[in-house]
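These notes are about the structure you will find just below.
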Number of protein chains: 2
Amino acid sequence: MEFISGVKQKETMGIQEIISGDYAGKTVRMEGSVHTIRDMGEVAFIILRKAEGLVQCVFEEGKTAFDLSQLKEESAIRVTGLVSGEERAPHGFEIRLQEITVLSQPAEVLPIAISKWKLKTSLETKLGLRPITLRNPMERAKFRIQEGIVRGFRDFLHSQNFTEIRTPKIVARGAEGGSNVFKLDYFNKKAELGQSPQFYKQTMVGVYDRVFEVAPVFRAEKHNTTRHLNEYTSMDFEMGYIDSFEEIMEMETAMLQYVFELLCEEYAQELAMLKISLPDVTNIPQVRFDKAKELVSEKYNRKIKNPYDLEPEEEVLIGRYFKEEYGSDFVFVTHYPSKKRPFYAMDDPADSKFTLSFDLLFKGLEITTGGQRIHDYDTIIKKMESRGMNPEDISSYLMIFKYGMPPHGGLGIGLERLTMRLLDESNVRETTLFPRDVTRLEP
Amino acid sequence: MEFISGVKQKETMGIQEIISGDYAGKTVRMEGSVHTIRDMGEVAFIILRKAEGLVQCVFEEGKTAFDLSQLKEESAIRVTGLVSGEERAPHGFEIRLQEITVLSQPAEVLPIAISKWKLKTSLETKLGLRPITLRNPMERAKFRIQEGIVRGFRDFLHSQNFTEIRTPKIVARGAEGGSNVFKLDYFNKKAELGQSPQFYKQTMVGVYDRVFEVAPVFRAEKHNTTRHLNEYTSMDFEMGYIDSFEEIMEMETAMLQYVFELLCEEYAQELAMLKISLPDVTNIPQVRFDKAKELVSEKYNRKIKNPYDLEPEEEVLIGRYFKEEYGSDFVFVTHYPSKKRPFYAMDDPADSKFTLSFDLLFKGLEITTGGQRIHDYDTIIKKMESRGMNPEDISSYLMIFKYGMPPHGGLGIGLERLTMRLLDESNVRETTLFPRDVTRLEP
């Protein structure tokens, strides 16, 4: 009988191994895709693309046992050669080739030059050819950063005794919904795709006190703007036993501090490649919704049209104000009007026209919505009734309040938006692997 | 202007802080839910439930400034009292109460005694009251273990240079589908919910060489068995530059070793509570599909009905065989018949009736399906055509082969099934927070 007992040492090497080891003058074996070939006649430079970066390989006529004409861009190959220090090469070394083995060949020539440093093409073309254009080193670096954000979010919350949960995405219709939901037939029952894990994460606060989830959410909004997606990743947390809703903002601030430190330490190569300097989140200013409107109205000579609503242009100006006055890319806007928040938001005891809630703006764009939730059964029932909602429709959610819930609150962060602002991109599709919008269902 | 600058020290304590600190005789403050009250007259024991465990609090008439009759099961409270060593109490200490503050009150008495050590009720009742029954310490321990499995999966793959990705769950209809998909209308386009991230994870191998994703998948199968769910969590990975499909099994074995070690180290309390001893995964036997059928047929006197299919009872017997003969709870069954595998599976060059693929059985239940994939464009087109499929239907997937893909393969693991087997549960719904099955769409 044969047994499998774990990962065997590979004979091929990674870039990091070579950089951190003593390989100059030694023969190594490496695998990768042919990113580009620069044929100079007797010498050719073959740039190998690996997950961690690019490697310069030197092909010398007569010294390398291979017919160079067989090599194409995007051939997957295995090479053997001598490591040699070379300052002008990526990572400071090159491989002087002895052998090349082709592992796989493309059938056609690339429709777009992905080996260009920066892809100079329309967003439309880039997204249409996404499976290929993501191979461009600048493009893929964005989603490494995105990975880092999610890792940091999880690792930080884990250190704060949050438990990770997974909640269903197919839910009974009419829960929180309204018209902006994707409907589906579920074995002859009316179902929809979850717009948010809100009810479930609150439920799980009754179980684990502090919980988080990173998962897709779905919104059937017909907006086709630079900041809306119809499927996106929501990073949610919810925490019990809070004394005030400020604790939620404190947790988010500490989380962002942790995330940016992690990016600094482990994603420095990608940050450098994309020329990103991380924002300072030592202190994030907080301002009341009504106060923010006033400040912006005064400074930028803008009339307040509706005291209970915040227009996108106002968000931008609030962002600008706090950048100019306090040097901060972030600002917490608190105490949103009750009308603008869902029924489960806790009203401010000092003035029930407002809620104990907040948005976090990053360079003038809302990337987080959060706040304290109602935890008392009678209070939530009354609030639902005052809005003409029927508590029976969501009795399995209301069960948690009926049988007791601690004071709690939480937030949801749009991962793609946060990435977009961090990378100074102007369209959220740039920071979404395979975006779903009103016109886009493929690839 | 006010600023938020991070998490402030709370005045309330956690169980771990008290255990690891020197708090005997000192006054502490703690928050939690009232799990149960045992009123003995002059003394009452109030058991506080916190995320990390239970805490015994001692209420003494005259010494505690509080009217005990106000306290209910599931009241959320804050207590102040003296820490006192007590061997018979959970974690070896109790709190002799001085003050109690009620933070929140339930509106009604619990419909089920969640403070019983083990919930003695039907699965049906348990799931109907899931938001409440999950508060039972045994119930919630299961999902802490599940959290640990996912953490281990991710952390291990991260250490092996895999990149985490997030791929869309709403996909164009007809991709891999067939009839077992949930259909939805996507802005007048025909869409469905992804059954697997297969196409996307293969696509991302062309970008990052090694990738993984932990995310929901959706299957509209009408099976209503103890091992099927209509929405479940798939833990997927896909790796490029493999020399053989054994490398995928090696990676999975090493991952399982890592996961079980993590559970041992960080989830010991939950394992002990559930009386789980972790299986040995030092060596996992591998056996060919046809050979496995033979072995089982011989040993258990069972006739082979269909040499190209594996019945669930046969899976159970294969599991039993390898437990009896080799003491292993796991077995890799390899070389599944080509007919039984999707078109993208790589056929065995030695015999194209079989594929370079495998399932991993855990105590006789399939928890993983994996294998090497076709990477050559002409080969995959031919295979599709031989199956009567139209390559144009999935041209954005086939793009990756047209423009070059390295040899690669991967697998998908059903998280709830793995948890079910690990915890020796007999129904996969026991290890799913909020299961979705043919009859269940709530809670």
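Heads up, the Cβ atoms here are built off N, Cα and C, so glycines get one too.
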Legend entry - Per TrEMBL, member of B:E266, B:E270, B:E366 binding ATP alongside B:R219, B:A220, B:E221, B:R227, B:H228, B:L229, B:G414, B:L415, B:E416, B:R417: B:E366
Legend entry - Listed range which TrEMBL flags as region 'Aspartate', given the options B:34-37, B:66-69, B:198-201, B:238-241: B:198-201
Legend entry - Chain A neighbours, filtered from binding-site residues B:R219, B:E221, B:T369, B:R373, B:R417, Cβ-Cβ distance under 8 Å: none
Inset, instruction - Can you tell which of B:H228, B:R373, B:R417 has the least company, meaning the fewest other C-beta atoms within 10 angstroms of its C-beta, among these binding-site residues? - result: B:H228
Legend entry - the region 'Aspartate' (B:198-201) - residue tally per DSSP class, helix then strand then coil: 4 helix, 0 strand, 0 coil
Inset, instruction - Find the shortest Cα-Cα separation between B:P90 (site 'Important for tRNA non-discrimination') and the binding-site residues B:R219, B:E366, B:R373, B:L415, and name the residue that gives it. - result: B:L415
Inset, instruction - Measure the Cβ-based neighbour count of B:L415 (ATP binding site), defined as the other Cβ atoms within 10 Å of its Cβ. - result: 22
Inset, instruction - Run through the Cβ atoms and count how many others sit within 10 Å of the one on B:E221 (ATP binding site). - result: 15
Inset, instruction - Return the residues near B:E366 (ATP binding site), defined as same-chain residues 6+ apart in sequence whose C-beta is under 8 angstroms from its C-beta, sorted by sequence, else 'none'. - result: B:E315, B:D359, B:L360, B:R417
Inset, instruction - In whole Å, could you give the widest CA to CA gap in the ATP site formed by B:R219, B:A220, B:E221, B:R227, B:H228, B:L229, B:E366, B:G414, B:L415, B:E416, B:R417? - result: 19
Inset, instruction - For B:R417 (ATP binding site), just give me the three-state DSSP call. - result: helix
